[in-house]
Amino acid sequence: MGRARRSLLIPSLICAISLLLTFHNASSFYLPGVAPEDFQKGDLLSVKVNKLTSTKTQLPYSFYSVPFCHPENIIDSRENLGEVLRGDRIENSPFTFKMREPEMCHVVCRLVLDDKTAKEFKEKIEDEYRVNMILDNLPLVVPVRRLEQDAPPAYQQGVYIGVKGQYAGSKDEKHFIHNHLTFTVKYHKDLQTDSARIVGFEVMPFSVKHEYDGKWADNTRLTTCDPHAKRTVSNSNSPQEVEANQEIIFTYDVEFQESDVKWASRWDAYLLMADDQIHWFSIVNSLMIVLFLSGMVAMIMLRTLYRDISKYNELETQEEAQEETGWKLVHSDVFRPPSNSDLLCVYVGTGVQFFGMMLVTMMFAVLGFLSPSNRGGLMTAMLLLWVFMGLFAGYSASRLYKMFKGTEWKRIALRTAFLFPATVFVIFFVLNALIWGQKSSGAVPFGTMFALVFLWFGISVPLVFVGSYVGFRKPTIEDPVKTNKIPRQIPEQAWYMNPIFSVLIGGILPFGAVFIELFFILTSIWLNQFYYLFGFLFIVFVILIVTCAEITIVLCYFQLCSEDYLWWWRSYLTSGSSALYLFLYATFYFFTKLDITKPVSGILYFGYMLIASYAFFVLTGTIGFYACFWFTRLIYSSVKID
């Protein structure tokens with residue numbers, strides 16, 4: 001495990017670069033890890049086991065952390081950077097099939113529980129842990145019937161280790177283990193070559209107290225299920241209880257079903273949303289509302305600005321010029337550098353870095369490069385893109401810094417390279433320490449932590465400095481109007497122009513553009529469901545950009561009209577305040593949708609959501625800032641200033 005994880009960085013970089021190179025040269029290609037594999041009848045199929053997961057604790061554990069049956073030698077599969085960060089631990093298993101050769105009541109192993117092992121099983125059953133397995137890169141799923149008749153089944157990822165229940169006539173709650181699994185492997189057959197490709201991997205779990213005659217031996221035949229007598233397990237009427245000194249025999253059946261589903265479409269059933277109609281309606285409804293509001297905002301701005309600019313350009317006499325009111329009055333102060341301008345430059349640069357990462361990630365996802373079949377691909381891609389986008393962070397931060405008459409570009413580059421990543425790293429390190437304390441596989445190993453630090457210090461920081469150097473050498477961005485040496489006094493503002501009030505109002509509309517999609521993303525992350533609607537997400541991302549820009553421009557215009565020229569920070573905070581609503585929604589989601597009871601799990605949830613909200617603040621704030629920056633330069637360069 002250690003050696004594989006310490007050399008994660010180089011394979012990830014080589015994989016990304018080679019993928020881009022082969023994209024142009026190959027007429028047909030498959031992404032790494034998702035190329036089809038043909039199986040002949042009788043070929044060995046090796047099932048791999050992944051982490052144990054629970055939506056109640058959010059703490060993954062490796063499969064063999066619980067005393068399940070295991071092969072003679074446990075072999076770790078090589079995981080990419082994203083898989084390790086997700087807590088994936090993929091290992092071989094004692095479940096082996098032969099292609100298109102059904103098996104009945106195959107005995108895996110026999111265990112006699114002691115107090116310790118019984119307690120471990122009970123704890124995992126209590127916390128509703130699921131076993132995750134993989135066959136030919138397909139995850140194991142349990143088909144769940146939907147309420148609508150003739151509707152395709154929904155799929156639950158992984159199979160529960162066991163269930164809690166009561167014997168008939170008893171009030172005592174017992175723990176029962178799923179010790180018999182009935183696997184169904186679906187395949188699509190090639191009529192010409194007689195080979196087949198796996199297109200489905202399903203299971204039905206049962207709890208059965210197996211019985212046999214005489215003493216146990218390797219060749220003992222069970223009386224509860226016997227392939228010779230064609231006796232199969234079809235129910236859990238006589239379940240296997242988990243108690244100390246209890247004997248548990250693990251068995252499985254495997255059957256093969258021919259399917260019309262082709263290999264290229266085998267993920268479609270898994271990615272089908274259980275409430276797809278609600279999802280479609282919500283997305284379309286959100287799009288229509290936001291587009292309608294955006295249209296109204298654009299019309300108001302165009303009409304108002306056209307009238308104002310025409311009026312100001314018609315001012316000819318000195319008396320009329322003295323009587324002018326509105327945003328033109330503050331033309332000699334509007335481009336005055338703000339307080340804490342260095343910090344603003346740093347946050348704007350970090351926002352550009354985030355924007356670039358999100359945009360490129362979305363484009364790759366829409367094109368199908370980051371499908372769920374490429375486990376960990378999304379997180380790996382985002383990390384690598386974040387690192388390389390440091391170039392643009394340094395460039396944009398130093399360009400703005402130079403406009404504010406700054407001279408120490410190295411200092412601004414250093415702060416840009418460290419402020420946001422260091423804050424996130426500290427929170428991440430604390431959360432990781434908590435996960436280590438729980439002995440969870442979700443804890444990032446030392447080798448991976450070193451790889452992350454190397455990505456930061458070895459690649460991201462130098463690129464930020466390169467970008468800053470290039471940006472600082474560019475000509476200074478000239479203001480369209482001159483700035484007075486003495487700042488103008490700001491008149492008393494109306495209550496609705498109070499900075500805190502206007503900033504909080506400004507964040508509502510951007511949050512409204514994404515909160516429907518946010519529900520599905522949170523469900524995907526915290527309730528262990530698939531999410532692969534990147535087309536919708538890209539549209540919502542575009543709408544978020546438009547909404548952030550327009551709401552910031554409108555509030556910035558009203559602010560300037562009331563002769564308040566301190567717009568720099570307020571433009572950033574106006575759209576950035578949507579992050580506050582995101583965190584509040586995450587809190588609401590925690591108490592209404594999740595069943596997390598452990599304090600550590602709650603801290604993990606709010607810790608990760610705090611990081612997500614902080615990133616959202618930086619992203620939306622930067623979009624709003626640049627929109628307002630462009631708007632103010634546009635309007636003040638469009639009027640004649642005496």
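Just so you know, glycine gets a Cβ as well, placed from its N, Cα and C.
These features come from TrEMBL:
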| type | residues | note |
| --- | --- | --- |
| SIGNAL | 1-28 | signal peptide |
| TRANSMEM | 280-302 | transmembrane segment |
| TRANSMEM | 344-370 | transmembrane segment |
| TRANSMEM | 376-397 | transmembrane segment |
| TRANSMEM | 418-437 | transmembrane segment |
| TRANSMEM | 449-472 | transmembrane segment |
| TRANSMEM | 493-526 | transmembrane segment |
| TRANSMEM | 532-560 | transmembrane segment |
| TRANSMEM | 572-591 | transmembrane segment |
| TRANSMEM | 603-631 | transmembrane segment |
Among 376-397, 493-526, 532-560, 572-591, 603-631, point out the range having the most Cβ pairs under 8 angstroms from the transmembrane segment (418-437). 603-631
Can we call the transmembrane segment (493-526) and the transmembrane segment (376-397) in contact, meaning three or more C-beta pairs below 8 angstroms at a sequence separation of 6+? no
May I ask whether the transmembrane segment (532-560) has at least three C-beta pairs under 8 Å with the transmembrane segment (603-631), counting pairs 6 or more apart in sequence? yes
Quick one: do the transmembrane segment (449-472) and the transmembrane segment (532-560) have at least 3 Cβ pairs under 8 Å, skipping pairs fewer than 6 apart in sequence? no
